[in-house]
Amino acid sequence: MSDKHRTWACMGFVLVSLFIIKWAAFGSEVAAFEAVEVKAIEAAESRAETPGNPHRKVIVLLVDSLKEANLHAWPFPNLKKWTEFGGVGLMNANQPVDWSSINSDNLQVWHGDSSQSGAVVLDRTATELLDRADESTLVILMSPSPDPSFRKRELLPVLMAGGPIQPHSLLTSASTRRTGIVTSQDVAATVHKWLQMEMSLEQPGHMITGVRSEKDPWDALHRLASSTKIKYMAKPYFYIVFGLMGLFFFLLMAGVLYAPGLGEPGSVTRINLRNWALWGGTAVLTTPFVTLLLPYAEVSEQWGWLSKDLGGATVLAAVLAACTTGLMRIRNLLVRLSVIGFVTAGLVAVDVIYGGTLASGSILSYDSIRGARYYGVGNEYMAIFISSLLIGTGCVLSLRPDWRIFIKWGFAAAGMGMIVFLAAPGLGANAGGTIAAAVSVAVSLHHLFGWPKRVGGMAGVAIVAGAVLLLLVSHHSTDRLTHVSQAVMLAMDGHFRQIGQLIERKLAMNLELITLTLAGPVFLGVMLYAAVAVFRPLSWIKRFWDRWGNLQPFVTGGMAGALAGFWFNDSGVVVAVLMMLPLVYTVCMIRLAEAFPTPHTTVPEALSPLDTPDWYHGPDPGR
């Protein structure tokens, strides 16, 4: 078998393996589980909205400073029987429930104490609550509003029984799409719907229901609380390590290309550093894919022991090293980059279609403690999704320029599909991401089709305006409250001041992220320099585009989308970083392979086969 055929066989094996793992091992489980969860939610809402029972009641027991660790460690014999009658879950309480605003004679609010002295009383009170729970009486045990020093540190326990909650279950809602996690606003919405009270359209909560658990719900609750807290504490360190990793290999690539004192261009030192830089660049670009795939190992019965016994950081490093080593077998750099781009974008899309199960558990995406509501594609994977599709398409066009007519029309269709995907309330539901994608697609198509500036400008305005109109129409007609639908309702009611406050909060969050560390202003300067360098190319960039003109439309479009994402997202700095990272790394890695070709590389007509590290002992008939 020739090296070319071996490369394509390796690619096919990787893609087919990922496809089988995702769809057969995980997709079927998630599909079945999601179907059960959706049916449970619909049934609960149907029971809550069915008239004919005017004697419905809700009893709420508020226990000060109640934590999941208390329920797990303390001997509460009667409280432990709660799951025989109802369900348990964890609650994000960043927006506390205002019980005084719920005016109903059928609502009773009790108060309890979770201290050591009040533990026995709490256990007896729980028994009294369970005795009152029936088809018409919903009982809730939860912690009230935590103090500001406690808030956003961990999820609080919430126990529900009676009413629409089935026994031996874990609580969930359409707000979070995560079994075992709800929000405090979901509790308020459940009380309103159960008592058949009118709710404001601006209220973000959804009906809580219970998904029956085959295992011990208390054990599942404790494992969920531990994993969310570990991820919350580890997330800043992950961002620091990932940022330093990206900065280190970028500086290494720049140093190999331009730094003096490393010997002649063909010296052993530069070649070895080049090999390490390309290996590290592949690892950096593969990290988002690996972090999105790891939650499968956490929820899988076959692989759950990995994270439990070895630790999440060890598993992440091992899987990343294995994936990178496997990808390095794809000797052609452009093929490797296109595989990374398309597989990552495909996994993000498939996960969103299946309900965001992986993204909601990824350390690079949602944080249940800071905000448990599921909005669709988070800003992090939205940026990765856009840039991955751009880079994958650009590399394929660079590999096969004779396919240009098919690729540019195919990208036009895929780009429009990406805009619709990110705008749809039931899928992406990301307003800033929709605008960023529209800008990226518009600029890329302008350069790809070679339109005159006037025509390209008009087409770009039409695409962006169409994306905004699509957002307004689709989100206005949805039952699920989003930031866009909330803004539309406020605008229709004439509450423009509240819209201004909503925009002000988003801009304030962006400003806080920029000024949080010294890296914020530094990146802002680098981003502006990169934008100027791309849209007003310097001489060395012009020379690069002369050789790689098929890649230019997608890098330019991605840079424009990164700037749009910076301005139209509340965490715009994160969006810009994650969109620019694949673009910059792609250019640097191609420049490295071009500057230091291996003996079997023909440059620049083709990069095949390319950049095999000298320390990798694989079959290489081209040497």
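Including glycine, each Cβ sits where the backbone N, Cα and C put it.
In TrEMBL, annotation is done automatically, which means it is predicted and not curated.
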### Task
State the residue range annotated as transmembrane segment by TrEMBL; the candidates are 178-197, 278-297, 478-497.
278-297
### Query
So which range, 2-22, 548-568, gets flagged transmembrane segment in TrEMBL?
548-568
### Query
In TrEMBL, which of 31-49, 430-448 is tagged transmembrane segment?
430-448
### Task
Mind pulling out the one from 237-258, 278-297, 406-424, 430-448, 574-593 with the most Cβ pairs under 8 angstroms to the transmembrane segment (455-473)?
430-448
### Task
Using a Cβ cut-off of under 8 Å, list the residues of the same chain at least 6 residues beyond the transmembrane segment (548-568) that approach it.
379, 382-383, 386-387, 390-391, 393-395, 397-398, 401, 404, 431-433, 435-448, 510, 527, 530-531, 534-535, 575-576, 579-580, 582-583, 586-587, 590, 604
### Summary
Under 8 Å Cβ-Cβ from the transmembrane segment (381-399), and at least six residues away from its ends along the same chain, one finds 288, 292, 332, 334-335, 337-342, 344-345, 348-349, 359, 362, 364-365, 407-408, 410-411, 414-415, 418, 422, 428, 430, 432-433, 436-437, 440, 444, 548, 550-551, 553-555, 557-558, 561-562, 565, 574-583, 586
### Message
Counting only residues 6 or more past its boundaries, what in the same chain has a CB within less than 8 Å of a CB in the transmembrane segment (574-593)?
### Response
246, 249-250, 253-254, 256-257, 274, 277-278, 281-282, 284-285, 288, 333-334, 337, 341, 379-380, 382-384, 386-388, 390-391, 394-395, 432-433, 436, 513, 523, 527, 530, 544, 548, 551, 555, 558-559, 561-563, 565-566, 601, 603, 607, 610-611
### Summary
Contact set of the transmembrane segment (430-448) with the rest of its chain, CB cutoff 8 A exclusive, min separation 6+ beyond the ends, reads 375-379, 382-383, 385-386, 390, 408, 411-412, 415-416, 418-419, 422-423, 456, 459-460, 463-464, 466-468, 470-471, 475, 482-484, 552-554, 556-558, 560-565, 568-570, 572, 575, 579
